[in-house]
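What TrEMBL records for this protein:
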- D:Arg87, D:Gly125, D:Thr126, D:Arg127: phosphate binding site (BINDING)
- D:11-141: domain 'Exoribonuclease phosphorolytic' (DOMAIN)
- D:159-225: domain 'Exoribonuclease phosphorolytic' (DOMAIN)
There are 6 protein chains.
Amino acid sequence: MVRIDGRDYDELRDVKIIRNYLKHPQGSVLIEMGNTKVICTAMIDDKVPPFLKGTNTGWITAEYSMIPGSTVHRKFRDSTRGKVEGRSQEIQRLIGRSLRGVIDLNLIGEKTIWIDCDVIQADGGTRTASITGGFVALVDAVNWLYKKGEIKQIPISNFVSAVSVGIVDNSPILDLCFDEDYRASVDMNVVMTDDNQFIEIQGTGEKSTFSKDELYKLLNLAEKGNEKLVSKQKEVLGNISKLIGKDKEGEVHG
Amino acid sequence: MVRIDGRDYDELRDVKIIRNYLKHPQGSVLIEMGNTKVICTAMIDDKVPPFLKGTNTGWITAEYSMIPGSTVHRKFRDSTRGKVEGRSQEIQRLIGRSLRGVIDLNLIGEKTIWIDCDVIQADGGTRTASITGGFVALVDAVNWLYKKGEIKQIPISNFVSAVSVGIVDNSPILDLCFDEDYRASVDMNVVMTDDNQFIEIQGTGEKSTFSKDELYKLLNLAEKGNEKLVSKQKEVLGNISKLIGKDKEGEVHG
Amino acid sequence: MVRIDGRDYDELRDVKIIRNYLKHPQGSVLIEMGNTKVICTAMIDDKVPPFLKGTNTGWITAEYSMIPGSTVHRKFRDSTRGKVEGRSQEIQRLIGRSLRGVIDLNLIGEKTIWIDCDVIQADGGTRTASITGGFVALVDAVNWLYKKGEIKQIPISNFVSAVSVGIVDNSPILDLCFDEDYRASVDMNVVMTDDNQFIEIQGTGEKSTFSKDELYKLLNLAEKGNEKLVSKQKEVLGNISKLIGKDKEGEVHG
Amino acid sequence: MVRIDGRDYDELRDVKIIRNYLKHPQGSVLIEMGNTKVICTAMIDDKVPPFLKGTNTGWITAEYSMIPGSTVHRKFRDSTRGKVEGRSQEIQRLIGRSLRGVIDLNLIGEKTIWIDCDVIQADGGTRTASITGGFVALVDAVNWLYKKGEIKQIPISNFVSAVSVGIVDNSPILDLCFDEDYRASVDMNVVMTDDNQFIEIQGTGEKSTFSKDELYKLLNLAEKGNEKLVSKQKEVLGNISKLIGKDKEGEVHG
Amino acid sequence: MVRIDGRDYDELRDVKIIRNYLKHPQGSVLIEMGNTKVICTAMIDDKVPPFLKGTNTGWITAEYSMIPGSTVHRKFRDSTRGKVEGRSQEIQRLIGRSLRGVIDLNLIGEKTIWIDCDVIQADGGTRTASITGGFVALVDAVNWLYKKGEIKQIPISNFVSAVSVGIVDNSPILDLCFDEDYRASVDMNVVMTDDNQFIEIQGTGEKSTFSKDELYKLLNLAEKGNEKLVSKQKEVLGNISKLIGKDKEGEVHG
Amino acid sequence: MVRIDGRDYDELRDVKIIRNYLKHPQGSVLIEMGNTKVICTAMIDDKVPPFLKGTNTGWITAEYSMIPGSTVHRKFRDSTRGKVEGRSQEIQRLIGRSLRGVIDLNLIGEKTIWIDCDVIQADGGTRTASITGGFVALVDAVNWLYKKGEIKQIPISNFVSAVSVGIVDNSPILDLCFDEDYRASVDMNVVMTDDNQFIEIQGTGEKSTFSKDELYKLLNLAEKGNEKLVSKQKEVLGNISKLIGKDKEGEVHG
């Protein structure tokens, strides 16, 4: 099978992660997966949602949006429509759950870390890029707290990344671009940690159903892709990487 | 492992499906999975969404809601809050996708079938009960069209059911009630057809991550549960069951 | 005059009130008036609206909604439209006023009792059924407080029920079903207590005006209907009925 | 019983109706009932709501609002809250029903007449003043159509006015001002025609219930009040009054 | 150049300001600029917005709205549309800024003064009339506080008025009525103090651009118009006028 | 006077305009004014608003938004608040007016050109940068139509740019960064064409009023700034610049 952009079936698109992309947030990256480009920021707020007040526990909340110029046909703003569309809500709930899965929120105190993922160019895989990039922004924001002395360790137990896999023309492939995604009969997003555990799996037979055998093949591809994404995250985070999952041998966070 | 209600790890709760539960809709069931009770209706409308106008193709759209008295702490109405909350949107998108996966919408003409799932009592598994019950209501509505002579066959290729599985106290279990769901470290909803194919898998490590091995065990449980649910659907649908997937050997729908 | 369902002009439809219909609310009933079916729940919340904070007084608030499958043509959800429609607001204000009319809210402390009326099948008279059924749910919720020792008496002074009357084909009739309601020239809802006092009267000349004489005939019919409804309430409430209006000879509540 | 402003129990406040109060609408009045002041306008639009398209029938729709400075404590704007509050909706539905009750909408063609009632000063009875004043504005707008030759007659069968009555300190009184309304145990709004027929009755036991006898006394007061209001309407409308209800002896409108 | 209503190019329309127009607000005026009529009220609330809590500083907030009957084609209510339209928001922000510009909010304590401008008839220049009239209502409300002894002085440093100027048929003119405004190539609103300083200038080339020379001519016209408006304000305020800007020689407010 | 970043009082910040910044829109630029960064896109839609249907005339509509990570304190999304805040509405109305001022919309047919300005980093002057950058995106989109043969000329009569000026510490300065803007007593945005004509002037005395003399000084500074911005636009647009204002000697557009 020949892919539209010449990639092998198990090959990621070019990945770029630029840290400190913006001036104001405590963490901010521009992540590019081929033509997909997402600005991920992490900002710290000294308030928590009502259900956490007085618990000495923090929170991570994520928001996801696409700018109107990010798509082929102009994307209408949720603000103009007066509500956040279902798809965006689903994605931001996924991002939040994925990142909360590897951080011990008891250790950051009553703070909310806002993860904002603003897609500036979309070519498939924007939600998985948001998780992969959002993780790096989160680490930078938590590290900012650590350097200021507000927390005593980086309470993050694992690296988290996400990638899409799917079945196109009966072949399982890794990291679908928009044209592939559009033609896929099965589409799956897989969020994993750096020790090959799953945080979330969402697979849908968009145009047909799929068998257990096909599922296993897709999961193997996702594993391979996520390993490479974590390598990239480690590369750009440099020395900070070593502070993550520090106490894994001892008590496990999260 | 002893479950809270004495069930075996691979045992469903009592399932009841009452057809023709309401007088007005073309299809309507009350489905009970233990204490979880959902009214699922299917109503036919002669309009389609704008993107389908002139295509001679139909549509299925689903809405999901909980009445305020369905939960321990009163559930606030979305109508009072002025918007449908993220969780409901996610669920109704899932129900719609699952049912659209087995029907050939080209064969019903420009009609919308509204699937409404109103939870009147919640004890875990409301979204999977909505799919299992919604499928039966859908069949009744499509059969209503068939009996009226508006369509020449029942264009449904497969039975669809859904069940939750999860890991509680390190044990994989089938069909979680609310108390189990609350304590689960991993929670997964699996939508399948009667020929053991997947339509949708959504698995989340709520409190911890999970391995490939654990995933496989959960999928096996889900397979077992869905087989029983399809048997129940066939039982309540009686002879109509035989009209489903009729032409499978020939051209496949959906 | 022969009525569509063979009833006499002054005859109610079959009335059923099933108490403890749902598991979670403090009070819950399914009320059926012929084909009209409404789930009425009463749930206690330890907060009051801002205007009552610090007054040691409670509140009753009612919400009314129809599930989409309750009507012949699918009822659109208010939540999807983003606002509660005028008719629903009018009805829920009426239910709240009617029930607040017979309870001494000073005696329940700073609590809100939420009355939720969810119509699952509509065939005329849903608002009056909501009041009649909502009253029983309210009694059960207040009795729950009483049995828990949180209040020293049942501070409810009277039974409350409601019924519709109207003029169809120039004849006054009791308890209109949908087809009658649709054809009525005058339509009136009458909320009364068990000592034949009025709490609320709402009469509208939908298709023509009406004279004082006609009005008086309608009120007499309503009186007769409400007497029977209160009997039914007393029957299903059994011994609890005796706790209502206890201190009427002494200081009057409400 | 001495009333707060020295009136007799069966006495209206001073009534003023200024026609052609504004320059742009086809009909516009300022109506004053004592300190209550409402601007009522009637504007003709060449569109009808979707359910009337193609029926050659017109429609009347009413909107009611209070300016923030009309009340003692500033009234928050519905527009700022993002929705029309329940009370306003109830009132505007009442105004619309009352005026539609005396006009034959088949005779005005596919037009919508907008009746807008904007309260600029509130001292009780704003909804009844809106109906009484709105009727005059409506007549002027319909007469505008008549003078332009767009309709062949004034298709209004009767005069319509409305007044409040209530029980204060155990006495039935007519036309309550705000202070009386606030203290009333029973409050009733009565919409009538010039031939003493009822269009709408809405009576509420705000603080206590009421008997049939009390009800009859209140209706007699309302009759007296409405007679005087119709006289005032006739006075200000002058010759146009004669065009109303012209064909009553023959075919009845509405 | 002959103007549509015979005025000279530098002539205001007839200005009327009626103080104490409504009964309830602390300050209320009806301002008329020709056919443009706006009710401006000033009401005092003992709360401030969250950002001012604990600062011992007050706030002025303005709201602007048009009643539906104020315009030739019925103006749809913002409340029905569910949001305040952009134009209204822009205008109310302008009114608020203009009035806050001349009052020392530190001297009124934690109070909000609500300025409401409700246009009852529109013929151009409604926003500038709102500022000119709103200022008088504000003075009355502040004077009410002063007379009650809640503040020790009138902390208003200057008179504020506003007027529109524009270029029509290549001629600069003062105080445009609607027909002129509609045809204007340049339209400018100028808010000034009584010592000929600017508070706000908003000039737009609606149909063409404009040169610096044209701008200067327009500003001279605006200066002339505002001088007359301030005279009118002083005339209607009478003796209270003398309390404004009292301490100007000393420390300047605002 | 020494400015915070060492600039002279009449000096712009570094200006960068990157064309073709995004892949999908017909025109897209990233404009940077120092630390202020805005993505401006122009996208063509084959529909027009209702009021233009059948007129063979086009429209330009602008939307403005800031991503949450663009500001020091996280900017809440309008979509979450359910409405576009007043400031954003004001800005997008300004952008739309400014660009419509130099294009002959009759010559583009029934098309809407959407101008979207998404601020990714804010340091003062975001609205003026949006106009300056939006103009370049607009030219590219119109040129795309021209190259496709859909229009016969570039119907843009002039270059448009915008800049802020203000008074800080009693000195008039050009192109305020956020810290200067925060401290400014007078703040003004000036939109101009390349022949030194004004399209829009918005000046506000934020903390004090200003005199005619100060106004003139500010306008001179704005003129100087806009001249440089137009030079920059011409530089990045290269040859396309020559197609703008082509027929100026003849019939003037816009």
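In case you wondered, yes, glycine gets a Cβ from its N, Cα and C as well.
Whatever TrEMBL says is automated annotation, not expert-curated.
Worth saying up front: this structure is predicted, and the values here are computed from it rather than measured.
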Most crowded position, judged by CB atoms within 10 A, among D:Arg87, D:Arg127 as binding-site residues: D:Arg127
Other CB atoms within 10 A, centred on D:Thr126 (phosphate binding site): 23
Cβ-centroid neighbourhood (8 Å) of the phosphate site, D:Arg87, D:Gly125, D:Thr126, D:Arg127 excluded: D:Tyr64, D:Ile91, D:Val119, D:Ala122, D:Gly124, D:Thr128, D:Ala129, D:Ser130
Pairwise C-alpha maximum, in angstrom, for the residues (D:Arg87, D:Gly125, D:Thr126, D:Arg127) that bind phosphate according to the record: 13
Neighbouring C-beta atoms (10 Å sphere around the C-beta of D:Gly125 (phosphate binding site)): 26
DSSP residue counts for the domain 'Exoribonuclease phosphorolytic' (D:11-141), split into helix, strand and coil: 44 helix, 41 strand, 46 coil
Secondary structure composition of the domain 'Exoribonuclease phosphorolytic' (D:159-225) [DSSP: H/G/I, E/B, coil]: 20 helix, 30 strand, 17 coil
For the domain 'Exoribonuclease phosphorolytic' (D:11-141), mean pLDDT (0 to 100): 95
